[in-house]
Amino acid sequence: MGKMSLLRKDDNCERNLFSVCKATSSSSSSSSSNNSLVSPQKDPPEEADALLFMQIFIHLLKSNIGTGFLGLPLAVKNAGLLVGPISLLAIGVLTVHCMDILLNCASHLTQRLQKSFVSYEETTMYSLETCPNPWLRTHSVWGRYIVSFLLIITQLGFCSVYFMFMADNLQQIVEEAHFTSNVCQPRKSLVLTPVLDARFYMLTILPFLILLVLVQNPQVLSIFSTLATITTLGSLALIFEYLIQTPRHSSLPLVASWKTFLLFFGTAIFTFEGVGMVLPLKSQMKSPQQFPAVLYLGMSFVIFLYICLGTLGYMKFGSDTQASITLNLPNCWLYQSVKLMYSVGIFFTYALQFHVPAEIIIPYVISRVSENWALFVDLTVRTALVCLTCFSAVLIPRLDLVISLVGSVSSSALALIIPPLLEITTFYSEKMSCVTIAKDIMISILGLLGCVFGTYQALYEMTQQAHFSMANWTRVYT
């Protein structure tokens, strides 16, 4: 009974989430940079609501450009000037291929089950229901639970990263205000002792984000999305304008250590955030048969941007490359405004990203209490989830490590591990070729290895950082 109740709540939350997606899709520039995990309603879109080729292209582009995008120069540093771009291209090709696999599995299941639409979670469940293995058929509902759990972890991980990104940039803006000038010169490698810890800025932002997530009106959320889009695109234009200027570092290592390469994997896969977006976008396209073309075109451009930003950023800043490229920008008012604009964009994007796990968790929790307590429980759970993302950031205030950890743990599973396995369970009974099966197994194993070793390396670096901080605290105290 509990399982069926949760499934019904998931269906309801998909419909609620679609209202936000449709509201933000009312104009071609109204989607958030990462509104990629929203599942649309079951019914096909009306003609007036259907999205055109260029609108889909813009949504796909913005869904893959977030905070992880700004961490790519450090990712290339962790892999090497030669290995980094090549590996980004390889991971991008594999990710797009897995998106295509997910589309094929969902399309096959909709035809087989005579449904108008299936989400990522439902695709997993229905695929297991129709596979030859009786144990998997019996436990197929757990496939949906696992994917839903990974989506929640991924989204809350994004929100924690947002806290760190905003705090780091706000700290630099405030504490360097006295040194900020009108002349934009390259940042000198001068280490200033922070007046206030970044955690203070996280706690300062916390009450404002709590108030922000209490807004549940789709039209208001669409306004937040528009503001986020405008500020993000303006900031990126100025960042690329600065990166193409000379001079650049000429002698950088082509190949980095394998330990830091594991961190590269987590950051890279974190950046490819759009795997959960392909099914909702295809269902909303006016001509769904054109979606593969826009997918390949859009993701090719995304991969090109990734390689350009990662390579140019590393060549520009070399060994001084920071966890976010905004922290390397010159200390002048123009680029301080870039940090502020991007932080404002991330602030409003938080509400849209937060909406996804909230609409999965809150309806289920409310169903367990009386109607008189529904509003109180709703507000309490929202506040608790925001505090959870904040305290996670406070406990591990390392932007690069958290990005790598979230990417290794959940993003790799959603993007590389699960889709190839779905292709096997969906089409195995229809005489798949041995080459296809071997290819899918190899991709899943590669994703699993990256998940395991990337998670281990990120956790190891976090423990080393914690020991280092504790040693410094003890020494200062003594």
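Glycine is treated like the rest: Cβ placed from N, Cα and C.
Curation does not apply to TrEMBL; its annotations are automatic.
What TrEMBL lists as compositional bias 'Low complexity' is 25-36.
Under the heading domain 'Amino acid transporter transmembrane', TrEMBL lists 54-458.
As annotated by TrEMBL, region 'Disordered' applies to 24-43.
The annotation transmembrane segment is assigned in TrEMBL to 145-165 (among others).
Marked as transmembrane segment by TrEMBL: 198-215 (among others). Distant neighbours of the transmembrane segment (198-215): 163-164, 166-168, 170-171, 174, 221, 224, 347-348, 350-351, 354-355, 358, 379, 382-383, 385-387, 390, 393-394, 397; these residues of the same chain sit at least 6 beyond its ends, with a Cβ under 8 Å from one of its Cβ atoms.
The annotation transmembrane segment is assigned in TrEMBL to 220-240 (among others).
TrEMBL lists 260-281 (among others) with the feature transmembrane segment.
The feature transmembrane segment is assigned by TrEMBL to 293-313 (among others). Within the chain, the transmembrane segment (293-313) has long-range Cβ neighbours (under 8 A, six or more residues past its boundaries) at 53, 56-57, 60-61, 64-65, 69-70, 72-73, 75-76, 81, 84-85, 88-89, 92-93, 95-96, 99-100, 103, 239-240, 243-244, 248, 271, 274, 278, 285, 321, 325, 328.
Beyond the ends of the transmembrane segment (373-396), by six or more residues, the same chain brings 156, 159-164, 167, 199, 202-203, 205-206, 209-210, 213-214, 354, 357-358, 361-362, 365-366, 402, 462 to within a C-beta distance below 8 angstroms of the stretch. Look at TrEMBL and you will find 373-396 (among others) tagged as transmembrane segment.
Feature annotation from TrEMBL assigns transmembrane segment to 402-421 (among others).
Among the features that TrEMBL reports, transmembrane segment is placed at 441-460 (among others).
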Counting Cβ pairs closer than 8 Å to the transmembrane segment (145-165), the top stretch among 260-281, 402-421, 441-460 is 402-421
Per the Cβ filter (under 8 Å) with a sequence gap of at least 6 from its ends, the transmembrane segment (260-281) is approached by 18, 21, 34-40, 51, 56, 59-60, 63-64, 66, 68-69, 71-72, 74-80, 83-84, 87-88, 91-92, 95, 98-99, 102-103, 106, 117-120, 123, 151, 158, 291, 295, 299, 302, 306, 400-401, 403-408, 411-412, 414-416, 419, 450, 453-458, 461
